[in-house]
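Colleague: Starting off with a structure, shown below.
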Amino acid sequence: MGKRTAENSAANGEGEEKHPEIGVDGRPEKEPTFQDYMRVFKYASKWDLLAYTVGVIASIGVGITLPLLNIVFGQFASKFSDYAGTETLPGDEFRSKLSELCLYLLGLFLGRLVLGYITNFAFRMTGVRITSAIRQDYFTALFSQSVHVLDSMPPGYATTIITTTGNTLQLGISEKLGVFVEYNATMIASIIVAFIYSWQLSLVTFTAVVFITFSVSLVLPYITKGQTNQTKSEAMAMSVASEAMSGIRMIVAYGAESRIGSKYGRFVDEAKKHAQFAGPFIALQYGLVFFSSYAAFGLAFWYGTRLLLEDKINQLGAIIVVLFSVMMIVTAMERISTPLLAVSKATVAACEFFTVIDAPRPEPGHLTDPDVSATEDIILEDVTFAYPSRPHVKILDNLNLRIETGKVTAIVGPSGSGKSTIVGLVERWYGLKDQYVISKPVEKPTDKKNNGGKEEDEQELQELSFAGDETGPPVDLHGRISTCGHSLDDINVKWWRSQIGLVQQEPFLFNDTIYSNVLNGLIGTKWENEPDEKKREMVHEACKEAFADEFIEKLPEGYNTAVGEVGIKLSGGQRQRIAIARAIIRRPAILILDEATSAIDVRGERIVQAALDRASKNRTTIVIAHRLSTIKKADRIVVLRQGQVIQSGTHEGLLTDEAGLYYNLVNAQALSLGEQKEGNEVIAKEERPSSVHEKAHTESTIEEKPLEKKPKNKGLLSSFGRFFYETKSNWWMMALTLFFSACAGAAVPFQAWLFAKVIIVFGYLPDESKVRSESSFWSLMWTVLAISAGLAYCATFFLSTRTASTIRAKYQKQYFLYILHQKVAFFDHDDHSQGTMAARSAEDPRQLEELLGSNMASVFIALWTLMGTIAIALAFAWKLALVSLCVVVPILLAAGYWRMRYEIKFEEMNNAVFVDSSKFASEAIGAFRTVASFTLEVAICDQFRTLNSNHVKDAFKKARWVSLLYAFSDSATIGCQAIVLYYGGRLLLSGEYDLESFFVCFMSVLNAGETTGRALSFGPNVAQVRAAANRILGLRDSQVKDGPEATGEQFISHGDGIEIELENIYFKYPTRDVPVFDGLSLTIEKGQFAALVGASGSGKSSIVSLLERFYDPDHGRILCNGQDIATNNVYTYRRHLSLVAQESSLFQGTLRENILLGVEDTVDDAAVHRVCQEASIHEFIMSLPEGYQTQVGSRGVTLSGGQRQRVAIARALMRNPDILLLDEATSSLDSESEKLVQEAFERAGKGRTMVVVAHRLATVQNADVIFVLGEGKLIEKGSHRELLAARGVYWQMCQSQALDK
């Protein structure tokens, strides 16, 4: 099958299509170009372009203000020196010049404030508007594609583009772009100013720029390498954490906390190693930058003095202007990397958007009613098909099939036989023409040499996920699907889908009301524009037909009840009935039922099946089913195997062929019903779920109670003290960090003093020898300061980064284990969801790193700087210092803090803008098939457009004030300088202070305020750190109480199974105030095969959870061999149990590692092979090239459902348990896989107690005892035959599933 890549050649005017490389994930790779970035601006309206133009001009103006400030400050220095040093300037003239220069500063302040506001507001709003437009275009383009396009993307990829990638793009085209223009303007203007005042001094001083650039370029590759590898290791650790949180019950059940914790810890230790590799280079970079900055001052003053004495410079101000201009260039060069990186990321983000926007869109077809009709047969002729995401694997092989109009056609067969593929082809999600795959943007490859083979390792990791894919030539797609003599490709796709009603195994409901979800079924039909009253009538009618009205009317909000995300507030049966109502309100000519009842319990299935039977009348109906009891009445049953029709006929007709596949499938699910009597009517009340059950479920979705009393939160100082005490092995490093940070902090007050001394030197004129000797001495002092500051900063950051990485790794590993050792009830709370706890396992220790690591070192430096500058300012000029401290320093502190905090938090603020539309996009993309099937594309895109429009309006309101605050914080320094200079000048005129006192105070105050404000902004966010510290300490305290070291009686087993007694159990889940058990009592004898059956919500799985001690009963006891399990050590007790759940929960790693999850690694191969033979999986494993060392991929994705389940059985048997718990272990398997798994269970049950929860009663009819649960109590118990003879609830359940009637 050929692949065409979604190139933007048409849009870019490229005449020749390039063939990109194919990545390891099968997707073509495309390299982003700057052309992608520039193309984004085509989404700008004329008003956006005008705003951009104004913003660029304003940014240039903002950038020029600082070089102009240097000129004014140089003039100040000259005039102050002339007045107080050489005394060549009269007092009145100095007073006049002082006022004039202060007015210049005030003008620069106001100009920067206004221009800063304009540029920030203009770039922010245009960025939001353009990003909104491109998100909308992407969203529309995505929903114009076929389903296979989404299939070609990794899971969650499209949602990530809308959310994270969209935010990245916005960053790169908004303020960051304005900052880029500003810094370029600053650099250019600074160069011009410096060379105008003294080209010779400029060239000499520029050596500092060259030195900084050269030194940074030397160490940066090593820093990048270390941080890149650290990020990779952290990503792998995060992958382990995510997988662990999603399979937490299985980890707890198998006592695998330590094993998973060790696996996680290996990646954390790797990340620490890489962080410590980069640490010395980060420290060296800091040291070199600060050394060169201070050294540049000494060099400039030394050489400037020489030029002044040689009359090549006419005043002191020229030296100041050149020096400050060069320092400004260094600062701009340092800061311009941030917007450059943002633009680079935005280029990649733009490419991500355009790969979908430019993707060729499928031909919609042109035929509609009356040219074609949906009431004719659908014919598949010689159809051969493979999915675009797996082009080498043939799914359908020359398939020929006729789906007759007005009749029910059921399609059955083993997994992978092509049943659901036929649905996809009829729905036109896929076609029989060559399919294309969306390309994957990749950044330009860097040099891979000397990288320790990391690239190869990463590629190998990626390839593991595709280990199961077959290779070979792509499958040649061919064949024809037609109706009314026309190919489906020629029929308008929206019209065709409007004739189809689809009900899937997992129905997707939007986070809206029941009424709106059902109403969605009318979109695209001729009733779409009917009056609201008519629509409401149709909704009610459809819900009645689907048996949904009965539970809807019992809800407090009725049809206006919100269903929650993906319908979470409704039970499975309720969701399914809403989906049926949504399908039949369309009054479709064709009804497709794809596993519509497979995930519903017996009682729910009975009701849903009745609704489906009613909906199928007089319609062309296609039914895909694993439960063959649901398709006995089909007009025609088609049996598939390996993509071909091998049998077809009625249920009765196919059963006559005892050698046929259908007979074997039925036999695998057959229930023995004993002697039948006439009139197998089912009690009427079974047609409807009990009001108690419905009410209970409804209440359970609304009312929640707190998990438990939360531990009292500790303050930041208390948490800091506790962590500080626990890290006493690192005290010596912390003490040294504190000492060197004090040395680094002393550099700023010392710099202020040296600056004043240098200014005084020029007061010795015209004594040139004195000036020369003094300038040499004080320039040497600058060099001493440069070396000292460089060493202090280097030592501070070397020690702090090393300490931080050590502390983070220690607590990250511990914290992850604390999480794993929590009770299962802990994870039921909304605040402790799987995703939240996976993220916290990395984020909370990172916050702790900020509390005790390098960022805190910056805070220490800032505090030492503040104390030092205040002390020296008060010592030299207390009056000016007090005014500055009371007025200027608070403003500078607040401005510096806010500005840097704003820059750090900008991305967070940016993300918040589109949060609602991002959620909606995520939901819509998750329902892609539902949207396509019900022709909801236009409605979805319109809703997304409305949300985006609202976000833009909200952003406009926020931007007005945020931009003003940012502009003020950015320009406040200039205003404060004007205040200090004016007041200081007045004090000089009055003779209260000399030149040295003034300049020491002036430089101290300005440097202290701005430097400290910036440094403090890098400090930890107090609220976040406090919350993270409390979570870590809180989980540790609860973990110690419940951990594996906890005391408790040792559980005693005598082999051959365990007797289980539940005595008067009362139980409700901690997060719901709805009783599950109300005095339940039952006994399972030693070595028995016991089955638990009953309606959904009857407590079957809850018994398994109680036996596993995931929860404790509120009242009553659970006894095993006469021992109360609550008194046993939970970890030793669980060693006697093994759990196999509906979700097999395999983890990344080899098959052997998964099988040995709950036991020691020292088990020999013979034992592993033996349990795999018992689980009927050994032969399959040995057929794999890597055998037991085969990687299973994330969540076992490279294995089929049946294979995963058999591996899970082998894992359970490996523990040689006394109790085997099987919770819906076969409910999602096809008949063939189920039969293999069932045989494995029956072998596994010998010599042990086996407790089985099942919906399919055929899997438990051989049980020694069957317990029928309902409404919190035991309704019936007995063997299969005994319960049939009683003709009670169990008999009714069997009637609804029987296959041989």
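The backbone N, Cα and C atoms fix where each Cβ goes, and this holds for glycine too.
Swiss-Prot feature annotations, pasted as is:
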BINDING   413-420, 1094-1101  ATP binding site
DOMAIN    54-345  domain 'ABC transmembrane type-1 1'
DOMAIN    378-667  domain 'ABC transporter 1'
DOMAIN    735-1024  domain 'ABC transmembrane type-1 2'
DOMAIN    1060-1296  domain 'ABC transporter 2'
CARBOHYD  N229  N-linked glycosylation site
CARBOHYD  N511  N-linked glycosylation site
CARBOHYD  N618  N-linked glycosylation site
REGION    1-30  region 'Disordered'
REGION    442-461  region 'Disordered'
REGION    682-708  region 'Disordered'
TRANSMEM  54-74  transmembrane segment
TRANSMEM  103-123  transmembrane segment
TRANSMEM  177-197  transmembrane segment
TRANSMEM  203-223  transmembrane segment
TRANSMEM  281-301  transmembrane segment
TRANSMEM  313-333  transmembrane segment
TRANSMEM  745-765  transmembrane segment
TRANSMEM  779-799  transmembrane segment
TRANSMEM  858-878  transmembrane segment
TRANSMEM  880-900  transmembrane segment
TRANSMEM  961-981  transmembrane segment
TRANSMEM  987-1007  transmembrane segment
Colleague: Hey, which bits of the same chain come close to the transmembrane segment (313-333), Cβ under 8 Å, at least six residues off its ends?
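Modeller: For the transmembrane segment (313-333), the list is 66-67, 70-71, 73-78, 81, 183-184, 186-187, 190-191, 193-194, 197-198, 201-202, 205-206, 208-209, 212-213, 292-293, 296-297, 300-301, 304-305, 307, 759, 762.
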Colleague: Considering only Cβ pairs within less than 8 angstroms, which of the stretches 103-123, 779-799, 858-878 has the most against the transmembrane segment (961-981)?
Modeller: 103-123
Colleague: Here the recorded positions are S417, N511, N618; which one has the lowest number of other Cβ atoms no more than 10 Å from its Cβ?
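Modeller: Checked S417, N511, N618; of these recorded positions, fewest Cβ neighbours within 10 Å: N618.
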Colleague: Using C-alpha atoms, which one of the glycosylation sites N229, N511, N618 comes nearest to G413 (ATP binding site)?
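Modeller: Nearest by Cα distance to G413 (ATP binding site): N618.
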Colleague: Between N618 (N-linked glycosylation site) and S1098 (ATP binding site), how many Å separate their Cα atoms?
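Modeller: Distance between the two Cα atoms comes out at 36 Å.
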Colleague: Rounded to an integer, what is the Cα-Cα distance in Å between S417 (ATP binding site) and N511 (N-linked glycosylation site)?
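Modeller: Between the Cα atoms of S417 (ATP binding site) and N511 (N-linked glycosylation site), the distance comes to 34 Å.
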Colleague: With the transmembrane segment (858-878) as the reference, find which of 103-123, 177-197, 745-765 contributes the most Cβ pairs under 8 Å.
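Modeller: The listed stretch sharing the most Cβ pairs with the transmembrane segment (858-878) is 745-765.
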Colleague: Find the average pLDDT over the domain 'ABC transporter 1' (378-667) in the predicted model and report it.
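Modeller: Mean model confidence (pLDDT) across the domain 'ABC transporter 1' (378-667) is 79.
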Colleague: Are there any residues in the same chain, six or more apart in sequence, whose C-beta is under 8 angstroms from the C-beta of K1100 (ATP binding site), and if so which?
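Modeller: When sequence neighbours closer than 6 are ignored, K1100 (ATP binding site) has L1092, V1093, G1094, D1223, V1253, L1269 within Cβ distance under 8 Å.
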Colleague: What are the non-local neighbours of K419 (ATP binding site), defined as same-chain residues 6+ apart in sequence with CB under 8 A from its CB?
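Modeller: Counting only residues 6 or more apart in sequence, the Cβ neighbours of K419 (ATP binding site) under 8 Å are I411, V412, G413, I624, L640.
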Colleague: Using a 10 Å radius around its CB, how many other CB atoms surround S1096 (ATP binding site)?
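Modeller: Step by step: centre on the Cβ of S1096 (ATP binding site), count other Cβ atoms within 10 Å, giving 21.
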Colleague: CA-CA, which of the recorded positions N229, S1096, S1098 lies nearest N511 (N-linked glycosylation site)?
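Modeller: In terms of Cα distance, N511 (N-linked glycosylation site) lies closest to S1096.
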Colleague: Where does K1100 (ATP binding site) sit by DSSP, helix, strand or coil?
Modeller: helix
Colleague: Within 10 angstroms of the C-beta of N229 (N-linked glycosylation site), what count of other C-beta atoms is obtained when all protein chains are considered?
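Modeller: Here the count is 22.
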Colleague: Using Cβ atoms and a strict cutoff of less than 8 Å, what residues sit near the transmembrane segment (779-799) while being 6 or more residues removed from its termini?
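Modeller: Residues packing against the transmembrane segment (779-799) from afar: 279-280, 282-284, 286-288, 290-295, 297-299, 301-302, 305, 733-734, 736-737, 740-741, 743-744, 747, 750-751, 754, 757-758, 854, 857, 861.
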Colleague: What is the number of other Cβ atoms found within 10 Å of the Cβ of G413 (ATP binding site)?
Modeller: 26
Colleague: Could you tell me which three-state DSSP class G1094 (ATP binding site) falls into?
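Modeller: Where G1094 (ATP binding site) sits, the three-state DSSP reduction gives strand.
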Colleague: Looking only at C-alpha atoms, tell me how far S1098 (ATP binding site) is from N229 (N-linked glycosylation site), rounded to the nearest Å.
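Modeller: S1098 (ATP binding site) to N229 (N-linked glycosylation site), Cα-Cα distance: 50 Å.
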